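Undergrad: Take a look at the following structure, please.
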Amino acid sequence: MAPSSSKANKKGAADAAAWMFNVVTSVGIIIVNKALMATYGFSYATTLTGMHFATTTLMTGVLRWLGYIQASHLPYPELLKFVLFANFSIVGMNVSLMWNSVGFYQIAKLTMIPVSCLLEVLFDKIRYSRDTKLSIGVVLLGVGVCTVTDVSVNAKGFIAAFIAVWSTSLQQYYVHYLQRKYSLSSFNLLGHTAPAQAATLLLLGPFLDYWLTNKRIDTYDYSAVSVVFIVISCTIAVGTNLSQFICIGRFTAVSFQVLGHMKTILVLIMGFFFFGKDGLNLHVVLGMIIAVVGMVWYGNASSKPGGKERWSLSLPISRPQKQSNLSESDEHDGKV
């Protein structure tokens, strides 16, 4: 009994550490990128993301050279599908933000949760309890109250949002799927996907950014401070990319989306400290409270027997890979 309790406590501590890692790096990179783009005019978001993945590729290469990441296998067709989903997600989000109002952009982001639920129901045969479904609805309501203000939509904006939502949901589902099917740690999977994403985004990013902003990256007036911010952004992005893979691998894309909205709330709170009372009012505080209640309810409801279970364990498992020294715990059973 004691060893089992100790194992559960260790897993709980590791889960909490993974979430904290993701929250800190995600909020940090938002702050740095806002300063880089708003203050120093570096508005080349797609190219910057390519730089992020290039830095991540360098990190995984060094760890592999040092022996901390063991060789692993990911079939090329699987890698190609993942990169397509991930890159369409990045481009779709950028275009959606440009073509839509902020309110509709936020609504589109919220729809990723039901879309991720649908993917798990269709492909993983996941069954949600009534309480789990209701708790997700409460989170959506709370975050919606916090973030959705003006809402206007047009045809091309709707198409961009549709592509962004589905590609992001598929990319996050695929992170969990590939780790389970091919017994890959987060480091292994990132080592496979980061180089391909870096190459494609650095190649296409400058053209896409020019199309979105009408500014060429080769004409940007670099300064010592802006370069420092770019380096800091790339460094934090390594942690953001890794923590996303760790969290989705340990949990699921739905849990990552639901509990991940805590980052939205933290950004709003930090906006209050930066911009004063205009950034936080009774309307926003009410939404925050509703969202937090929903997150707590979701965590409790989904962890109960029958809260979120798989109908069958039919997912094929490829030949296991040797685990790396840095791989996280990978415990998967019928309860998810």
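Every residue, even glycine, has its Cβ placed from backbone N, Cα and C.
Below are the features listed in TrEMBL for this protein:
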| type | residues | note |
| --- | --- | --- |
| DOMAIN | 24-298 | domain 'Sugar phosphate transporter' |
| REGION | 317-336 | region 'Disordered' |
| TRANSMEM | 12-32 | transmembrane segment |
| TRANSMEM | 44-67 | transmembrane segment |
| TRANSMEM | 79-97 | transmembrane segment |
| TRANSMEM | 134-151 | transmembrane segment |
| TRANSMEM | 157-175 | transmembrane segment |
| TRANSMEM | 187-208 | transmembrane segment |
| TRANSMEM | 220-239 | transmembrane segment |
| TRANSMEM | 251-274 | transmembrane segment |
| TRANSMEM | 280-300 | transmembrane segment |
Undergrad: Could you give the residue numbers and ranges of same-chain residues that sit at least 6 residues beyond the transmembrane segment (79-97) on either side and whose C-beta is under 8 angstroms from one of its C-beta atoms?
TA: 45-46, 49, 105, 108, 157, 160-161, 163-165, 167-168, 170-171, 174-175, 178, 192-193, 196-197, 200-201, 208, 212
Undergrad: Would you kindly check 44-67, 157-175, 251-274 and say which stretch has the most C-beta pairs under 8 angstroms to the transmembrane segment (134-151)?
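TA: Selected stretch: 251-274, with the most Cβ pairs under 8 Å.
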Undergrad: For the transmembrane segment (220-239), which partner among 12-32, 157-175, 187-208, 251-274, 280-300 gives the most CB pairs under 8 Å?
TA: 12-32
Undergrad: Quickly jot the same-chain residues contacting the transmembrane segment (280-300) by Cβ under 8 Å, restricted to those at least six beyond its ends, or write none.
TA: 131-132, 134-147, 255, 258-259, 261-262, 264-265, 268-269, 271-272
Undergrad: Would you say the transmembrane segment (157-175) and the transmembrane segment (251-274) are touching, if the rule is that at least three C-beta pairs must lie under 8 angstroms and be 6 or more residues apart?
TA: yes
Undergrad: Do any residues of this chain, six or more beyond the ends of the transmembrane segment (12-32), have a C-beta under 8 angstroms from a C-beta of it, and if so which?
TA: 229, 232-233, 236-237, 239-240, 243-244, 246-247, 250-251, 259-260, 262-263, 266-267, 270, 328-329
Undergrad: Give the mean pLDDT for the domain 'Sugar phosphate transporter' (24-298) on the 0 to 100 scale.
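TA: PLDDT averaged over the stretch: 88.
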